[in-house]
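What follows is a short report on a single structure.
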Amino acid sequence: MASKNGISRRDEDEVCPVCKSSRYLNPNMRFLINPECYHKMCESCVDRIFSSGPSSCPVAGCRKTLRKNRFRAQTFEDIGVEREVDIRRRVMHILNRREEEFDSKRAYDDFLEQREEMIANLVCRTDVARTEAQLQRYATENMQSIRANQAIEEEEASSFQARMTLEQEEARLRRQLAREQIENERREIQAGREDMLSRLASGSSADAAAIAREGHKVLLKKSSARRSEEDRIRQKQAALRGSELKRSGLSASADMASSSGLIKGLRKIKTPEPEKPYDPFMGYVPEKRDYYTLQQSYPSVYLDRVKNDTRVAAGGYDLREYYARTMVEAFAGLGCFVEDEVAQRSVA
Amino acid sequence: MAASPFASRSPSVAVTSPNTLRLKASGGTASKPTPMPDQELTEQLNAEVRQKYVKDKKLGEGTYAVVYLGHLRDDPSSFVAIKKIKVNAEYKDGLTMDAIREVKYLQELSHPNVIALHDVFSSKDQNLSLVLEFLPRGDLEMLIKDGDIQYGAADIKAWMGMLARGVWFCHENFVLHRDIKPNNLLVASDGEVKLADFGLARSFADPYLNMTHQVITRWYRPPELLYGARQYSGAVDVWSMGMVFAELLLRVPFVAGNTDLDQTSKICEAFGTPTEDNWPGVTQLPNYIPTDPAHRVPLQGRDFFLRQFPTAGPVGADLLMSMCALDPRKRSTAVQVLRHNWWTMDPQPTRNEDLPRKTGTKKMGEDLSRRGGEIDDGPFKNAARQLDFGAMK
């Protein structure tokens with residue numbers, strides 16, 4: 001922004017660049033800007049042009065379409081600064097990873113640098129399309145973690161506020177207490193002195209010195225007792241404060257889905273393995289046969305009597321079980337290598 | 001399949017048998033409290049195994065055996081249960097059938113849902129001791145009966161799944177358990193249910209070899225055994241499994257007869273009267289009791305199971321029905337049970353660590369039943385607590 005000196009600028013500012021009305025004619029004139037193009041105009045111009053819906057910027061050469069609801073008062077005098085702050089706010093809102101989410105300090109620093117670079121790109125209008133696309137993609141991919149981090153930030157801000165007010169309140173109470181203590185002390189000393197004087201007045205002159213010494217001792221004792229009592233209270237309060245702080249301490253940052261691409265060095269978040277479907281056999285294979293297939297029936301004269309005995313069948317006896325067993329026993333030793341097993345056992 | 005009980009299933013990795021064998025064969029060494037050098041090799045091996053374990057305290061005593069808690073001498077944190085079979089007056093010359101059966105079949109079976117037999121040894125008076133996996137969390141019967149414990153369909157599915165896997169594995173290796181009931185289903189410390197007590201087990205499928213029908217606790221006994229069938233199959237265990245399933249759902253035994261006859265009539269009432277139509281050949285079974293045609297109950301259909309066991313859901317009721325078919329030929333086999341689509345349906349079975357468990361009342365009960373001043377703890381009880389290594393720095 002080319003500028004002359006401050007005073008002339010302010011003078012210039014007094015005139016609305018659109019309707020040319022000046023502050024001289026309208027002392028209540030407010031200037032508004034729209035973050036779309038940051039062209040400044042007065043409130044009445046905004047009302048006049050944009051009340052009936054979106055319209056293009058009245059500044060010559062600017063073809064941006066503006067909406068009334070986006071107009072707002074300017075925070076910074078320099079429109080460039082205003083724009084940069086806006087961009088920064090928007091980018092930080094999206095790229096809101098926190099330090100505890102990163103593997104290392106280095107990774108976090110890289111992230112910060114990357115963020116700054118993107119902000120700079122947008123501010124200086126270099127590579128805007130690519131940067132915007134990156135931002136957009138990151139935002140859609142990490143919706144959840146962005147939300148979570150925003151929530152944490154809000155909570156932090158509010159808890160900071162709460163802490164501030166709490167501390168102020170505590171300080172006020174402390175001051176009040178101190179004032180009361182001083183007052184009490186003063187009053188006690190006064191009372192002690194009066195007591196001593198009255199006793200001196202009523203007593204004999206011989207033990208005046210003794211009475212004076214005793215009075216002094218009582219005063220000392222009282223003050224030391226008071227001091228230890230105060231210490232006790234103070235310790236208690238400190239302990240209370242500590243526990244309160246601990247309770248209101250940040251809850252551990254929530255687990256977030258890992259991002260793809262843009263940000264590197266994010267701490268790996270362990271998601272619990274999805275539960276496997278229940279296997280009723282728990283890994284064992286039922287009816288596993290490596291060397292043979294079991295037939296429904298084997299011809300054998302020896303077994304014919306059993307086969308035809310209804311009583312045996314009624315008891316639930318099943319020849320197929322006998323077949324299965326015979327076959328298992330016939331092939332049982334195959335595939336077993338005793339030497340290997342012994343070797344394995346000695347290794348174990 | 002034919003693994004020796006002395007082989008690699010031991011919880012200790014440090015003890016390797018080939019080494020010790022060589023050691024012993026060369027006449028023994030002085031490094032360990034070795035037996036006399038003039039002992040036979042078998043005796044040496046037996047002593048070797050016996051010295052691997054330390055007996056801590058008695059866990060329980062029955063008519064047939066005493067159970068001790070023990071641990072490996074090398075590793076005090078590895079608990080085992082040592083089941084010492086009592087010398088039985090009936091079998092003066094040898095071992096009881098139960099012990100032989102238990103050793104014979106357990107040594108062959110190695111599965112997560114079957115109790116593991118680590119070792120077997122005999123003590124000086126020829127008593128047999130079985131070193132079994134230590135399962136500290138009670139049995140399913142305790143869980144069913146404890147009114148304070150609440151469980152749901154997902155828990156039942158998990159338990160039934162483990163039971164069915166154990167039974168299937170036995171059948172796959174041609175072993176019948178023949179005593180499946182909730183108090184033989186022990187719960188390991190990780191929640192896994194394991195089939196225990198193989199005292200009635202036997203191998204099956206031999207033709208012309210009669211088997212006894214006097215097996216399986218009555219409430220879980222299938223109708224073919226009640227009718228005295230001498231040749232039967234894995235279907236008997238599947239019926240017991242069905243009864244356990246029903247008991248898990250109802251939290252009371254489903255058909256609980258006082259006598260064998262009562263049991264038969266109760267089964268007929270509940271599931272239907274067996275006839276030649278629905279069970280061909282049933283009338284020829286040795287102990288078949290003819291029923292009065294007037295009092296015949298028709299075979300129960302799906303509706304009955306759905307009504308009786310609403311918590312199982314329609315698919316669960318279907319599975320239960322297939323396990324409770326009167327005719328053993330129509331009953332599902334263990335493989336068919338595991339292939340049922342109930343397992344893959346919602347709700348998913350509960351994970352072992354989330355299963356309801358018995359809280360330490362049993363331990364507390366033991367503590368309370370102790371007499372005043374009596375110490376029944378082993379020598380190393382609470383040792384870890386007394387030795388505070390954290391203070392050494």
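Cβ atoms are placed via backbone N, Cα and C, with glycine included.
The region 'Disordered' annotation in TrEMBL covers B:1-38 (among others).
TrEMBL lists B:7-20 with the feature compositional bias 'Polar residues'.
Under the heading domain 'Protein kinase', TrEMBL lists B:53-343. The predicted model assigns the domain 'Protein kinase' (B:53-343) a mean pLDDT of 89.
Feature annotation from TrEMBL assigns ATP binding site to B:LEU59, B:GLY60, B:GLU61, B:GLY62, B:THR63, B:TYR64, B:ALA65, B:VAL66, B:VAL67, B:LYS83, B:LYS84. Counted within 10 Å of its Cβ, the other Cβ atoms near B:VAL67 (ATP binding site) come to 17, all protein chains included.
Annotated active site, proton acceptor per TrEMBL: B:ASP179, in sequence order. When other Cβ atoms within 10 Å of the Cβ of B:ASP179 (active site, proton acceptor) are tallied across all protein chains shown, the result is 21. Reduced to three states, the DSSP call for B:ASP179 (active site, proton acceptor) is coil.
The feature region 'Disordered' is assigned by TrEMBL to B:346-382 (among others).
The compositional bias 'Basic and acidic residues' annotation in TrEMBL covers B:351-374.
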Cβ-based neighbourhood (8 Å from the centroid) of the ATP site, residues B:LEU59, B:GLY60, B:GLU61, B:GLY62, B:THR63, B:TYR64, B:ALA65, B:VAL66, B:VAL67, B:LYS83, B:LYS84 excluded:
B:LYS86
Mind telling me which of the binding-site residues B:LEU59, B:ALA65 has the densest Cβ neighbourhood, counting other Cβ atoms within 10 Å?
B:ALA65
Cα-Cα, whole number of Å: B:ALA65 (ATP binding site) versus B:ASP179 (active site, proton acceptor)?
17
By a 10 A CB contact count over all chains shown, which of the binding-site residues listed here is most packed: B:THR63, B:LYS84?
B:LYS84
B:ASP179 (active site, proton acceptor) and B:VAL67 (ATP binding site), distance between Cα atoms, whole Å:
19
Can you give the largest Cα to Cα distance in Å, as a whole number, for the residues B:LEU59, B:GLY60, B:GLU61, B:GLY62, B:THR63, B:TYR64, B:ALA65, B:VAL66, B:VAL67, B:LYS83, B:LYS84 that bind ATP in the record?
14
Any idea what the Cα distance is from B:THR63 (ATP binding site) over to B:ASP179 (active site, proton acceptor), rounded to a whole Å?
17
Between the Cα atoms of B:LYS84 (ATP binding site) and B:ASP179 (active site, proton acceptor), find the distance and write it as a whole number of Å.
20
In sequence order, what residues of the same chain, 6+ apart, have a Cβ less than 8 Å from the Cβ of B:GLU61 (ATP binding site)?
B:VAL67
